[in-house]
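Here TrEMBL flags A:1-23 as region 'Disordered'. Sequence annotations record features per position, and here TrEMBL assigns transmembrane segment to A:35-60, A:371-388, A:395-417, A:423-447, A:468-489, A:495-520, A:568-588, A:918-940, A:947-967, A:973-994, A:1022-1040, A:1046-1072.
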Amino acid sequence: MSDRSPEDGSVHEAEQQHEQESEEVRAASRLKRFFFLKTTFGLLMTAILLIGGLLSYGLLVKEALPDLDIPAATITTAWPGADARSIEEQVTEPIEEELTSLSGVKALNSASYDSFSVISVEFDATVNTDAAMNELRAAVSTAESELPEAAEQPSVTQISVDDRPILTLALHGSKNGRVLSQVGRDIQDRLERITGVDEVTLGGEREDIVQILLQPDRLLALGISPSAIRTAVQQANIQQPFGQIESNAIGATVRLEGRFDNLDDLRALPILRPTQDGVNRPAVRLDEVASVRRMPERETQRAFFTSGGAAFAQSLELSITKTPGADTVDVVDEIVASMDEMERSGVWPQGIHYSVVQNGAQEIWNSLGDVFSSGMQSMLIVFVILFVTIAWREALLAGLSIPITFAGVLLFLMLTGQTLNELVIIGMVIALVLIIDVFIILLEGLHDEIYVQKATFGQAVLRTVKRYAVPTFAAQLTTILALVPLMAIGGTAGAFIRILPVTTVLCLVVGFVLAMFGTLPLSRYLLGKQANSGAELKEGRSDRVTARAMDWLENWNSRHVLATRKRAGLWVIGAFVMFGLSIAAFTMTKIELYPMVDAEQLGINIELPPTTPLAETQQIAERAGEILRNKTYLANSVMLVGRKSPFAAGSVAGQLQPDEAENFIGFSSIFTDQSERDGLSFEVAEELRGELRAYLDSQVPGAVLQVVPQQRSPTPGDPVVIEVSGPEIDTLLDLSAQVRTALRRGGSVVDVRDNVGALNPEIGLRPNREAANFFGITETDLAGQLRAAFSSDEIGTFATGAAEDDLEIRLGTEWPSRPGVAGPPRDLSELAMIRAYTQQGRSVSLAQLVTEKRGEGPIAISRASGERAVSVLARNQGRTVTEIIDDITPTLDQMKAQWPAGYSYTVRGEAEETGDTFGSAGIALAVAIMLVVGVLVIMFDSYRQALIIVATMPLAIIGAFLGFFLFGLSFSFFAMIGVVSLIGIVVNTGIIMVDTMNDFLRGGATVAEAAAAGAARRLRPVLTTAATTIIGLIPLAIGSNSYRPLTLVIIFGLITATILSLFVVPALYLLLTKQAQAGEAALD
Amino acid sequence: MHRLIAATLSVSLVACSGSKEEEQAPQQDVVSVQAAQVGSDQVQSWVYGQGTARAVRREFLTFTAEGRVTYIAPGMEVGRPVRRGQLIASLQPERVQADLTVSQSELTSARAAQREAAATLELARVTLERYRKLIAQRSASAQEFDQAQAEYTQALAAKRRADAQATAGAAQVAQQQVIFSETRLVSPINGVLGRLNLERGRLFAPSTVQSTSEQSALRTVPALVIDPSSFEIRADLPATAFRDVVVGSEVLIGAGPAQIQAQNQKGGNDERFGREAGPSQPVSSFQLRGRVYAISPSLDPDTRTFEAVIRTTTPRPPLQDGEFVALWMARPLGGRTPVVPLGAIRYRNDRPFVFVVDAQAGVARERPVQLGVQGDGRQAILRGVRAGERVVTAGRAQLSDGQRIRIVQPQRASQPKAQGAAR
């Protein structure tokens, strides 16, 4: 009896109510009353979770796969005029030396080109990005002091995944490249102002320039050196402020406006000629020796677009990237709205339209949508199961709790700055099937108390909490602890996957909290009346069936499994044998990190021999384009002449190579919807490869083809990477050719190439120093003169109106073999016309000044990890990367024995990453098992019992490995995740069984009886929980190609675990439990 | 029973693993290439030179006397043809003419005096003869005979004096004629008037003519007449070319016919009528030809070049006097050698090599070669390949020694390109 306060009337009422309460309820502590018996807290929490979740859904950034914040950066240093070797020795190597001292560097690759150097640094995914970047910049600054003076300052750019475009548009409708370029630039200005848009890159654009085209024959006749012209233009093109006249009356700022803003002005520029033989020669006008024109710059690339089988139309490509943290979907919507508005308002010239080539938002919706709908299906199925297995009120309660749990999880995700992506949804689905068990157990317990034990609601709640809270918590804990090590997997893959276990664990925690403090109290609304009005237990048919099954199992177990210890032992041994078989099966299973899945994008690169001119490349591209155009499974394609396709971007090692050159062809294509074509995207891509290969083999000598279907992995690129390192580039090229041949002979690889590409013929001009000195021409002067004959360099800027950007003034030579454009001579005979000019204006044949040296060189000198290296790249087809590498390793080792000293090879790429990832996943598995064992030992206070429960794990693995082997599936990274998750899931079955067995044992049964009863009596929850999990995951297994391995592992594993546990766990219990354990051991 | 199950499972596992072999065709390791036959031929190569074209016969005409230009032949302009002996211009002819007339009249009178003296002499001689006869007959006196003798001698002397005066008169006339001619510009050759630096009424003095350099001479000399039927070009060639040119070699001068280059240029670029340079054009397209006329054996120490003189052989060559032209001089033809297209050669460390097709094995073999001369887009090979073998042209960049190849003949259905050197 509680104390009375005489003055409080309401207390009297309360007392009366209290008196109406049962013993238990009255005795409950204030905390228990508040949290479990009153609905206040439950309502509050539910409301917060629900509302917060809905708001978060709106605010969360949606994306398909999580963007990885991988610390990586490129360091670019320019040194105009230096050749690749000098750049390597004097720029790349000093910087690399500083960088090797940094910690956490995963990969260091570099390429030294003519006139600039690119170094790419990739850190481990676990390194803090900001700290890593700071260290990097500091290292580069230190290295700067060792660089030659002529080299410019190195610039460090951080790479982020946001460098991939979220939206690619093609602008077409005019054959005039200039018009397209102009419209493109307008669009660029406008779009870059939208918040969230980082950069708009134009492909196929040609800027206008003012081109001075020297006429070589005029120069020779008049004896004028190109350097003289350059100097004349530069000296005249001055704009300089002088200062201010400080006076009231005439105060003004004075400046010299010498800059060219008028072509005629430039044409009239006088060029002085040195006196020759004592005769003064008059100056000539610039237009007497050169033509001066405003024109689009030399075309180096073109873009064309086709959609729905129409002919390729000249187009301009716009790729748009977003700023970090921006929401792709929102930004894309704004951009499309802006473009539509521009098109409608008629700002563009007649006939110009835009088409969407690649829509990142669409991709996100598609993939998110797929997974989302599978998730919804899972939820529906779970509801159905609930309604079938337990009474409708409880099913309703459980069913409603699930979405609220998810809402809560979304809230937490938003608060911690995560995004909503596929992995989050998968994590939720897995959690769904696990959480539902908690609800089932609690609600079943409640149901039991109310209907069978005829308790009041309050009593029922308290008893349920008392009886099931701890075991349920323990079960959840084991699952959570099994998942936690997944968060610790190393490498990029680990960082990539992290959000999945995080989400699942979060779901489990929130679900548990909601179940205990929300669902239970709030079920008062539905069940309260039932309970207090004396519920009648209507035994349903399901109850009858269950009772019969339980009886059958108990009998069967008693007779066949538990009859003697020896029998039990045989069962256990049998289980071990099966486990051994499954391990053997696993060794024969294919392993790959990320299996190929159907995806939208397709990139094709064709590399022609290095000396192919743009016109010829165009012809070949058009014919290849015809093949693509007629394919009904391609919705649209962009043809790039002079550039590689961004959809076929390779790995980091490959990205160091230039992707723009006149001999490149690229196709960026988008597949139609999967329902509209027959065949998965990567299968169709292989057919297409065959066709293109046939065309190229018969029509185009020396062409290299790459067909790259999109890969859904965090690190796209060539999976097979073999790095050959050593001191000499020539030897490396030979060795890489050997490796390539070996790879091809091994089979199952496509797109075999190295990151150097075909060698470019080079002509080196070595100055004859004595002759140069004799003629009074310095090497610098000679270089300057020769440059004008070969390239078109910028020598100044030309002022245009205020609205436009200033144009570049470029100085080049017009050779008869290519009239109208600046560029190097095409004809050998024209090379003879390149002469050097002395100070006196006389021209000297080059043969007197330089000796020619011919050779071939890679376009760049590539290095990796501080040494010269050439990487051989390839993609696997039909077999996994690990298989291919394993096959080829003996051959490679044999070859290596023949190589000169100092040369070796390393396997990188996916094989390296697979090793790392599976290695650390294996460690995660081991840690998970240990943690689970720990919890079990604490829970059951017995190592043996913990062992019994742990024995359910191998039973699960049997199912997983055998299933994969029998169905010929490859074991991928997600499957590995599934195995680790499985560990946590199956343990619960064992816990339930052993717990019940212990109860029976304490109740006085023999060990054998307890074993049989324990397994049988809990048949219903065991089967229900397993069934909900399995059936709940089936929609995901069917619907989603990417995540099928994950779900199949869990499904197979659970099937075998559940079925076998029913027999093996009692057997183990019999073998390992002593009767004496029934009581407390004496601890003296 | 469990054992039976286990056994069945293990058997099925083994059976399944057997069928897991997937036969993958080895990746195509064959590179498509084009090949060309190695021919046997003499390769004509060319040496480049450049120089200024001048007419072979050019006459600088000038007045050596001072004076005012009073006459320029009507219709006389640069570019007009002139005949040999045609008067082009003259300075103040009247005074000189008057002087000439005076001299001529003096000559006439001197000749008259001469004749008179001759007659007097004749008379004196006859008289002397008569007196000699009379003396013999003793009909005349010795005094009369002596007188007659003395008169004869006198007459002789007078005759001689008259002769001398006539001669002097003639000389005077000749001198005046020269002076007269110095005030006239007369073309000594048939040709074309190249320069005319005269105006009627202008004062001319010989000191205004500067002959220190070509340019100054051209600007100051009164008239220049050239014969445009034959031009001479003096080219300065670098010392290294000395063994490459011989007297009598054919020379291609300037450009081939102006051709319109049809390029795949789109959008806005004007098409230019370019002057192709060099013998990459078919040799037959060169309209202007010449021959090496002379080669200087001495090297100019200032420029390290030697001079070669080329004369045009084409009749009425379309050149301008003073035009700067490019030249291609034929090197002496060597013997027949194996010849490959230029596009078959690759270099490594300055060492050339080709890929020879091994038809039996279906591979390409790398072979180092020694190069001879090159011309017409072809390269003569001194050592390394034989005629009849086939070498890889297109696609050679992808090859290494022993690479399997497939020879293809791509159809180029599109427009015929301007082939250039790489045929």
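Backbone N, Cα and C define each Cβ position, glycine as well.
TrEMBL does not curate its annotations; it predicts them automatically.
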* At least three Cβ pairs under 8 Å linking the transmembrane segment (A:468-489) and the transmembrane segment (A:918-940), pairs spaced 6 or more in sequence? -> yes
* Could you tell me whether the transmembrane segment (A:395-417) and the transmembrane segment (A:495-520) have 3+ CB pairs under 8 A, leaving out pairs under 6 positions apart? => yes
* Stretch with greatest number of CB pairs under 8 Å, the transmembrane segment (A:568-588) reference, A:395-417, A:423-447, A:1022-1040, A:1046-1072 candidates -> A:1046-1072
* Asked: Of the stretches A:371-388, A:423-447, A:918-940, A:947-967, A:1046-1072, which racks up the most C-beta pairs under 8 Å with the transmembrane segment (A:1022-1040)?
  -> A:371-388
* Structure fact -> Note: vs the transmembrane segment (A:371-388), the recorded stretch with the largest number of Cβ pairs under 8 Å from A:395-417, A:423-447, A:918-940, A:947-967, A:973-994 is A:423-447
* Asked: Can at least 3 Cβ pairs under 8 A be found between the transmembrane segment (A:973-994) and the transmembrane segment (A:395-417), with each pair 6 or more apart in sequence?
  -> no
* **Intrachain residues whose Cβ lies under 8 Å of the transmembrane segment (A:1046-1072), provided they are six or more past its termini** => 426, 430, 553, 557, 561-562, 565, 567-569, 571-572, 575, 944-945, 947-949, 951-953, 955-960, 962-964, 969, 974-975, 977-979, 981-982, 985-986, 989-990, 993-994, 997, 1007-1008, 1010-1012, 1014-1015, 1019, 1022-1023, 1026, 1029-1030, 1033-1034, 1036-1037, 1040
